[in-house]
Structures are given as C-alpha cells and as structure tokens.
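Input: a single structure, listed below in structure tokens.
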Amino acid sequence: MKELLQKIIDENKKYTKKGNVATYIPELKKANRDDLGICIIDMDNNIYQVGSYEKKFTIQSVSKPITLALALMDNGKEKVFSKVGMEPSGDPFNSIMKLETTKPSIPYNPMINAGAIMITSMIKGKNNDEKLERMLKFFRKLSGNENLDINYDVYMCEKQTGDRNRAMAYLLKSEGILEENVEEVLDLYFKQCSIEVTVKDLARIGLNLASHGVDIRNGERLIESDISRIVKTFMVTCGMYDASGQFAINVGIPSKSGVGGGIMATVPNEMGIGVFGPSLDKKGNSIAGVKVLENLSEKLNLSIF
Ligand code: DON
C-alpha cells in the first residue's frame, strides 16, 4: 500500500503547479503550494502515510460535516433541518445569492458557508467558551488526537477579514432564521475553521465515519449510525461544493474539502483517508488532492457506486 501511495503522490505532484493557495484569508498565503501528502487508516488500524504528512494545516470547511454531526446530536434532525436544507446549491461555497431568492431563506445545505454558520449556531453550551470546549472535545475524540487546537493567527485573520460570512449571518438573523448573537456565532465558526490538523487526523475522522460512528480501536460509539449516514450523504452531494457531481463520478468516495488544502474522505467499511495539498483549483478544492483521490479510487476500486 505504501508503495502505491508513494507512486500516486509522485505522479500527481505536478498538478500542484496548476493551482494556487487560498489568498482571501491572508494567513493561508503562507502555505507551500508544492506540498502534497496522504494518510490512510484501514479497518484493522493499519496506518499508511506518504508525502507532506507531517505538515499541519487548518481544517477550514472539512470541519463542516463534523459540526453537523454534533448539531444533530445536540438538537435532533427536525430542528436542524428546519433551519438548513438538504440540497446541493450548485453555487460557490461563499455565495449569498440564494439566501435572497429562496423563501424561507434557509441555506441550501450545511456544507456551504451560510449553512455551516447556521449549524455552528446550534451547538449547545451555556456560553461561547462552553460551546468551543464541547466542539474541541468532539473533534479531539473523532480525530483521536488529544492535542488538537486552534491556530490563533488564522483565527484572528479570519475574524478580521470574514465580512462576507458576516454579511450572510446578519442576513440570516434579519430573516429570523439565525437566533443567536451573530458576532458570537461567527467567533465560534472562525475558531472551528482554524483548528489545526494533519492528514492523519482527517484519516481517523474519516475512518470513524467509515465504521458508522464506532471507534474500531475500542468499540466506543462516537456518533449514532444514523447521523453518520446523514453526514456521509451530505459529503457525497455537497462535500466538494459545486464540483460534487463531477467528483462523485470521477472518485465516488464521500469527501469534504477545505480551503486550507485538506480533504477528508471516508470509504464505508474500508478506510478513512486524509489528503493535504494547499494548491487549490478555482472552486476551492485541492487541485492535486482531487487527482490523488481519483487515482486511488481507480486503483483500489473504491467508488461506492
Ligand atoms: O469561512 C470561510 O470562508 C473559511 N473559513 C472556510 C471555507 C472553506 O474551507 C471552503 N472550502 N473549500
């Protein structure tokens, strides 16, 4: 397996030159465009890591399926889906357009920014500190990494530059969809996106979804099976934004990308995969990371379809 992964990383490294690191969050400009790494953890807990696997990066939108699971555990399906839809938007991840043209103006799904902000607003806790603590605890449990924490430089940078997210959140508040204090919700959302991870952390989270919410190492149930199913379904239909259809055909693995360059992928009953390549395509997905998953899926016959 390791040889195969090395070959796939080597062969796809050239694609990093065809994209660019995210610049709309200035801190993310510091990433090295050439980095490309992967980690796979299988159901027997074998761990394979190749390339830039030691690099830390911020989780960004890969956090969205995880907070979705927590919000569903906190509130139940009925409440959550009264405030966020279940349909792909077909628009870029930071689009505001449909919030104005759809009535009631609930975000299309929890994977676009507007939907993810709504999801973050539904995390339970008596104040923001407690909400953050609960969120971090859940991310640490799912990643199996007790040391997971926030990159405060990225967080501060997002807070200073996140006016588009601010606009969406205030629009949602004005429509009565978002009930909490906007600045507090955004503060938590920016912290959530700034959690620092490695590909191994993403692979472990992917594996916990692949095993329907049970930690294969000790049998502990971390997520209800039904919630794990919902999360994976969103990853298929909306996880790669407005490239989700193409990705489903070319790769066929439930996956979620982030502008930090991470992709978390989950092959039910088989493995969790973490990929890192901060050079992004025009839609905000890791350009070489998508190619790596394409090759891997083809070689190991991983498409779920
Ligand atoms: O809110 C934002 O724009 C970022 N914190 C996260 C966006 C993101 O990762 C979209 N991914 N492709």
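From the backbone N, Cα and C atoms, a Cβ is placed for every residue, glycine too.
Computed from a predicted structure; not experimentally measured.
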Kindly point out which candidate in Tyr15, Tyr189 is recorded by TrEMBL as part of the substrate site with Ser61, Asn113, Glu158, Asn165, Tyr241, Val259.
-> Tyr189
Cβ contacts within 10 Å for Tyr189 (substrate binding site), all chains included, total 26
Chain-internal residues near Tyr241 (substrate binding site), provided their CB is under 8 angstroms and they sit 6+ positions away = Pro92, Phe93, Met111, Ile112, Ser257, Lys283, Gly284, Asn285
Return the members of Ser61, Asn165, Tyr189, Val259 (the binding-site residues) with CB less than 6 angstroms from at least one atom of ligand 1, or none.
-> Ser61, Asn165, Val259
Provide the number of Cβ atoms within 10 Å of the Cβ of Glu158 (substrate binding site), excluding the reference atom itself.
-> 25
Which residues of the same chain, at least 6 positions away in sequence, have a Cβ lying under 8 Å from the Cβ of Asn113 (substrate binding site)?
-> Ser61, Phe93, Asn94, Arg164, Asn165, Met168
What is the number of other Cβ atoms found within 10 Å of the Cβ of Val259 (substrate binding site)?
-> 25
